[in-house]
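Participant: Heads up, here are the entries from Swiss-Prot:
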type: ACT_SITE; residues: Cys150; note: active site, acyl-thioester intermediate
type: BINDING; residues: Ser32, Gly33, Val34, Val35, Asn309; note: NAD(+) binding site
Amino acid sequence: MSLGAADVGAGAGPPGQHAGAVDNWPVAIIGSGVVGTDLMSRIGNGDGRLRVSAMVGTNPHCDGLARAAAAGISTSPGGVDGLLSMPEFANIRLVFDTTNPGAHQSNWARLADTGVRMLDLTASAIGPCCVPAVNLDAQLDAPNLSMATCSAQAAVPIVAAVRRHGVVRYAEVVSAIASQALGPAERVTLDEFAELTTTAVQELGGARRAKTLTIVNPADPPMPMRTTVFCLVDQADEVARNEADVLAVVDGVQALLPGYRLKHRVQFERLGSGNTLYIPGTGEFGGTRITVLLEITAAGGYLPACAGNVAIVTSAAKATAEAIVERHAQTLKAKI
């Protein structure tokens, strides 16, 4: 994957330097590949509530560890064992795992008894699933929190918004992701990620039934990630409010990732007699089909623009960690 040359750590400073910072949590990143490096960049460009104190990987020659070292961050090629042996670990409050589902199980087994919080970007689903735009507050106390897949981060807020004004009988999510933005590990787990996305659309988005499709887009030059969300809704009396709620959640996600946007206006199609749809396992459907077309560009980090699939997860993880810091500060304040 061809990566940009954004400066890691730009805008970061010593604890307390950032005006209005609630706290300054030392965090560690496991995984020095594309995901970990983008996350490090986003934290470095953040408001100071988080500070990357350590990054570990397994390749001593990778770009991520080199960038971390250049930014003054302690590094180790020893993986989770290397992290545990670093003097900085004594002060680490939260660990991001950007490796893969199998490695995450081993990493969590090593860290679970240390008292650190874990944000899982591997979609291993050991902990509860989190889409910050939908269920952030309900999950902040979990010791291990699993960030939903890129397609779920994009689509679940839309489905949840539509669900406010009617029963979503069926939702379908179709994501096209640039071939250049998918590494070997992601390619072999596309089916697993689709299942996790479908589960999130139903459990967090509120759809009765759902389906997820992921298309690898071979276009060159590469295109940004595009996600289309179809919702079949029973009633159609709330078109204006549905559109307003969709626009509001797009604005909310856009605050986390500026590259998240509507590609076209929200589309509404009434389905009735002579114009019904057949849903396998459900039967004929008459009501309203709502279509939302999204484009997700990797803005503001280490990645090329086409890698919105990575950026939306790292941005969600950063926002979740910042909310954990905020919750911790509020809890301490309440005890004073």
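Just so it is clear, glycine is given a Cβ too, placed from its N, Cα and C backbone atoms.
Not measured: the values here are computed from a predicted model.
Provide an account of the burial state, proximal residues and distances for the features listed.
Facilitator: Counting every protein chain shown, 28 other Cβ atoms lie within 10 Å of the Cβ of Cys150 (active site, acyl-thioester intermediate).
Gly33 (NAD(+) binding site) is surrounded by 20 other CB atoms, counting those within 10 A of its CB over all protein chains shown. Secondary structure from DSSP puts Gly33 (NAD(+) binding site) in coil.
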Participant: Sequence gap of 6 or more, Cβ distance under 8 Å: name the residues on the same chain that satisfy this around Val35 (NAD(+) binding site), in order along the sequence.
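Facilitator: When sequence neighbours closer than 6 are ignored, Val35 (NAD(+) binding site) has Thr98, Leu121, Val310, Val313, Thr314 within Cβ distance under 8 Å.
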Participant: With every protein chain in view, how many other Cβ atoms are within 10 Å of the Cβ of Asn309 (NAD(+) binding site)?
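Facilitator: I count 27 other Cβ atoms within 10 Å of it.
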Participant: Among the binding-site residues listed here (Ser32, Gly33, Val34, Asn309), which has the Cα closest to the Cα of Cys150 (active site, acyl-thioester intermediate)?
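Facilitator: If we rank Ser32, Gly33, Val34, Asn309 by Cα distance to Cys150 (active site, acyl-thioester intermediate), first place goes to Asn309.
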Participant: Please give me the CB contact count at 10 A for Ser32 (NAD(+) binding site), counting all chains in the structure.
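Facilitator: By my count, 28.
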